[in-house]
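Reviewing the structure listed below.
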Amino acid sequence: MENKQQSNGEMKENKAVKKKMNWSGSLIVASLTGAFGSSFLYGYNLSVVNAPAVYIKKFYNETWERRYGFSVDESTLTLLWSITVSIFAIGGLVGAIIVTPIVKFFGRKCTLLLNNVFAVTAALLMSLSLLAGSFEMLILGRIIMGVDAGISLSALPMYLNEISPKEIRGSLGQVTAIFICIGVFTGQVLGLPEIFGQESRWPYLFGAIIVPSLIQVVILPFLPESPRYLLLEKHDTSRAEKAFQTFLGKDDVSHEVEEVLAESRVQRNTKSVSVLQLLWTRAVRWQIVTVVVTMGCYQLCGLNAIWYYTNNIFSEAGINRETIPYVTLSTGAVETLAAVFSGLAIERLGRRPLLIGGFGMMIVFFAVLTVSLTLQNTVYWLPYLSIFCILAIIASFCIGPGGIPFVLTGEFFQQSQRPAAFMIAGTVNWLSNFAVGLLFPFIQSGLQTYCFLVFAGICFAGATYLFFVLPETKNKTFHEISQAFAKRNKVSLELQEMNHYPGERKSSAEQESNFTSPVDNGETKKGIV
């Protein structure tokens, strides 16, 4: 009995030591640096235009009057401002479309580095627009910044997914969502009147974009490329082993190398595939549908509507107009804390409970918010309930739907399919983002406070689909995840493994020569699943 308890204790201790070893210094630095120069900037640019909106519109009017001798009419000014805000999503769509060939040719890390050219160019254009007296520079900067965001929201999750051990893949993948939230919060803080939220200082809000980009450019070159990319697409075993050693913090990485090579031999395909080829592949049909549903719900679940109502609800609760910008910081803080909680909990609870539970809680709080907004003039304390619902909806979103879709996209597809899969996910993401910006004013105008019931319905549809279709992917390899989908895709596992793109399949002899790895005692071994 004592021996059994001692053995169980040793197993738990070994498991804890192994989990601790997974978090190497290089892995942490790579994830933080990659996210700071990528997803952080996406979140920052979502919120940075809110605080200086009045001053930017004034700049537009003054520029128009100086050029044409008369003030711009209200409808034209509204149109210019709408273009300034929404064109970010158009740039994002462009970035999502062009990211596939870029990550294929340059690799994941180099794509993140090259992407900083877009960020710095956009920052210079937007920050110098007031000095140059050209609002076109600000609009052009916004679309270029959108291209940067579209590329980074695909390349970063791909990089993090491929450098992380499967035991912490979900936690590391949530770094993308955490830094989006930190970016939103930072934009709110820097937009305060005491910092850059003044008429003479608003260009500095856009100039600050250069700082994360420069930090990434300085640090990221000293970290390795994705070892999976080096091994499976560049066939560089030596550099891949060094990358594994750096990220895993250990010398013996033969097991990790062989695991990747075994996956490659089973799939019989290491060439990247196009979007059309991926869409025509029956073996990943339900994986694609699931990615489209999660990414669509990510944008269409109504969080943008929450931001629209926040200031009005805080005002109805009796908060002074001057104080509202500071109270609004609570929403950014809640976002960040909820995303951090999700990152800590995802490897314990799994993807399914957090994703479905997040949508479920959003449904409940959307319903309560609809009631409280409809009746808020009848009972004095209902505006405070509305504030609570807003914070609860934001927290529910960030716990699951806010980051897990990016993790799932990386987990569902093999190496050769991943760039095309992220292109599909990114396209759905940005099209949905643009659709919300375009349609929400009409939905709000027609339904008023009942518009939240539309978003509750979208959350319900997403949660229902995921409950019946989504398997748990925690700690699973691509091979195991494929097994979970094989029956639903109506293909045998053997067909799924052996029949990917036969026209592009390499010969067995060629793969043998490309994928051999030196291991202990000078022998050459081949991994077997």
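Positions of Cβ are set from backbone N, Cα and C atoms, glycine also.
What TrEMBL says about this one:
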type     : residues : note
COMPBIAS : 510-519  : compositional bias 'Polar residues'
DOMAIN   : 31-474   : domain 'Major facilitator superfamily (MFS) profile'
REGION   : 502-529  : region 'Disordered'
TRANSMEM : 21-42    : transmembrane segment
TRANSMEM : 79-100   : transmembrane segment
TRANSMEM : 112-133  : transmembrane segment
TRANSMEM : 139-160  : transmembrane segment
TRANSMEM : 172-190  : transmembrane segment
TRANSMEM : 202-223  : transmembrane segment
TRANSMEM : 288-309  : transmembrane segment
TRANSMEM : 324-346  : transmembrane segment
TRANSMEM : 353-375  : transmembrane segment
TRANSMEM : 381-408  : transmembrane segment
TRANSMEM : 420-441  : transmembrane segment
TRANSMEM : 447-470  : transmembrane segment
Review point. For the transmembrane segment (21-42) and the transmembrane segment (139-160), does the number of C-beta pairs under 8 Å, pairs 6 or more apart in sequence, reach 3 or more?
Key: yes
Practice item. Check the domain 'Major facilitator superfamily (MFS) profile' (31-474) for me and report the mean pLDDT. Key: 89
**Study point:** Cβ-based contact of the transmembrane segment (139-160) with the transmembrane segment (420-441), 3 or more pairs under 8 Å
**Key:** yes
Check your understanding: Can you name the far-off residues of the same chain, 6+ from the ends of the transmembrane segment (202-223), with a Cβ under 8 Å from a Cβ of it?
Key -> 26, 29-30, 33-34, 36-38, 40-41, 44-45, 48, 51-52, 55-56, 109, 112-113, 116, 119-120, 122-124, 126-131, 138, 141, 145, 187, 190-191, 196, 246
**Study point:** Within-chain partners of the transmembrane segment (353-375) [C-beta distance under 8 Å, separation at least 6 from its ends]
**Key:** 294, 297, 301-302, 309, 313, 342, 345-346, 382-383, 385-386, 389-390, 392-393, 396-402, 404, 449-450, 452-453, 455-456, 459-460, 462-463, 466-467, 470
